[in-house]
Every structure is written in structure tokens, then in C-alpha cells.
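**Q** Straight from TrEMBL, here's the annotation block:
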REGION    1-22  region 'Disordered'
COMPBIAS  10-22  compositional bias 'Low complexity'
TRANSMEM  31-51  transmembrane segment
TRANSMEM  83-103  transmembrane segment
TRANSMEM  130-149  transmembrane segment
TRANSMEM  161-183  transmembrane segment
TRANSMEM  198-216  transmembrane segment
TRANSMEM  228-250  transmembrane segment
TRANSMEM  262-281  transmembrane segment
């Protein structure tokens, strides 16, 4: 009888541990879509900023006009050239929100039911927290897009620099949420803890660089650094989600934890090469007027710049006038 009771108890313990393991796997799998959405959004942001900053910089340089950084770049070959970027960003953010809030099926996982193993309370609450975190971050960036539209349509009604303030606020929200909420809170040195700390560092660095960019608007290096850090953040979120959430997720071992920072450094070096290649391609396309979003054609422009104006020597004109009178 004792033997049977022990067997029964052991079976129940194994069942409970199996259920817990399934719930844990369910939680990580459900988070995968959240990390991918945020990662893809940051990658698209960075690629757009890199291309537009490059072509604006060279256009201003060729026209001998001082460079002035911005969060929104016009596309003059489209209608609503000042608003198209913000409207596209808002559409993408709305799609991301709908996907995060309504996507409920992962192969082998039932979000609504709490997981494969029967759905404990902890699993449901953590899934809800992960969704809430992603939604808050997306809403913060959506608010930044709305302010960008308002700053372009109501130039004299909104305070100058409000677009930068809300943009900095959005990355600050992301840094706080990733810095104070970890999916795996049982170990301080877990893969989730270290991975999300690296995301927090990227967000904080973006905030610092954007503040410097706002202070030094004529320096092109800060927009490029902002694009670079955002690209690192986007690719790392996608890779990080694959590490801990995908079917190919890593086991928590000391070796994997140690090598995580090495992968992050590799992301930084690879993305630096990507930024440089984009800069070079955009420059070559701009030279032949094949860049898709140049402000105006360099050969066909009707705009008058300072170097095209006629400079008169008024002292010489006065002398000629006096000679004519004599």
C-alpha cells in the first residue's frame, strides 16, 4: 500500500512537473510573436532612417546647405511628402497591435486555454503581461507618430522639439519595461534576464544619442548612430526571441549564458557593416539621380541656393557710377 501510494504520489509529481514544463514552454512560445513584431519594427525604422539621412546629407552637401537632422524625412516623389512616413508607421503599429492582441494560435499551444498542460494561473498572467508590455511599447511609438504628424501640419501651434521629446519618451518606456520585467524571474543570471538587459542597454543608448542629436541638429553622426543602435536592437530582439521562445530555443546552461553577450557583440559588428553598405549604395544611387526619395533632381532643380546667386561688388559699382558722371 505504501509502495502504491508512493508510486501514485510520484506519478502526480511527475504529472505536475510535466504540466509546469509545458506551461513554461507555452509562455515562451507565446512571447515569440511579441519579440518578432518589435524587432521587425525597429529594423524597418533603422533602414528608413539610414537611407534618408544619407541622401539628405549628400544633397545638402552638394547644395552647400547646412545639414539639419530630423525624425521625419520627406519623399518628394509622392503626394503628402511630409506625412507619408508617419502614416505608414501608424499603419504598421496598428497591424502589430492587432496581431499581438488577437493572435491566439501557436502550433501545439492554445493561448486562450492557458497552454498545453492545462493552463495555470501563473502562465495566463505572464502571457497577459507580455502582451501588455508589447502593446504599451507600440502605443508609445504610435503616439510619437501622431505628434510627428501634428508637428508637420500645425507647425506654429506645437512647441518646437515636441516630436523629439515624445520619441525619447517612447524609447524610455521601452527601457523601463524591459529593465524591470523579465519572463524568467527564477534566476537572476538566466538567458531571459541577460537578453532583456541587453535590450534595455540599447534603448538607453538610443535615448542618450537622440538627446545629443536634438542638441546638435547639424551633426550627421548622431542620426547615423541612432539608426545603428536601433538596428542592433531590432536584430537582437528577433535573435533573442529565437533563442528563448522558438522551437529551437536554448537550454539554460552556463555555456549558453556566457556566449550570449558574444552573439550581441557580433550583432553590433554585423549591423555596422550593414549601415556602411546602405550608406555606400545610397550615395552611388544619389550620384546618378536614381535614389528613390531624393528631394529634387540635382540637374533639374529650379531652387535658388546661395552659391547660385550673383554677388555684386558695390564699391566697384560706385566707382563706375562716379566715373560715368564725370
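The first residue you see is number 1, and the count goes up from there.
Cβ coordinates are placed from backbone N, Cα and C, and glycine is handled just like the others.
How buried are the listed features, and what sits near them?
**A** Counting residues 6+ beyond its ends, the transmembrane segment (31-51) has Cβ neighbours under 8 Å at 73, 85, 89, 92-93, 96, 99-100, 103, 106, 127, 130-131, 133-134, 137-138, 141, 183, 223-224, 226-228, 230-231, 233-238, 240-242, 244-246, 275, 278-279, 282, 293 in the same chain.
Sequence-distant neighbours of the transmembrane segment (161-183) (same chain, 6+ residues past either end, Cβ-Cβ under 8 Å): 27-28, 31, 71-72, 126, 129-130, 133, 136-137, 140-141, 143-144, 147-148, 151, 190, 192-193, 196-197, 199-200, 203-204, 206-207, 210-211, 213-214, 244.
Sequence-distant contacts of the transmembrane segment (198-216), counting only residues of its own chain at least 6 positions beyond either end whose CB sits under 8 Å from a CB of the stretch, comprise 69, 161, 164, 167-168, 171-172, 174-175, 178-179, 222-223, 225-226, 229-230, 232-233, 236-237, 240, 260-261, 264.
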**Q** Residue list, the transmembrane segment (83-103) vs rest of chain: Cβ under 8 Å, 6 or more residues beyond ends.
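**A** For the transmembrane segment (83-103), the sequence-distant neighbours (Cβ-Cβ under 8 Å, at least 6 residues beyond its ends) are 33-34, 37-38, 41, 44-45, 48, 72-75, 111, 131, 134-135, 138-139, 141-142, 145-146, 148-149, 152-153.
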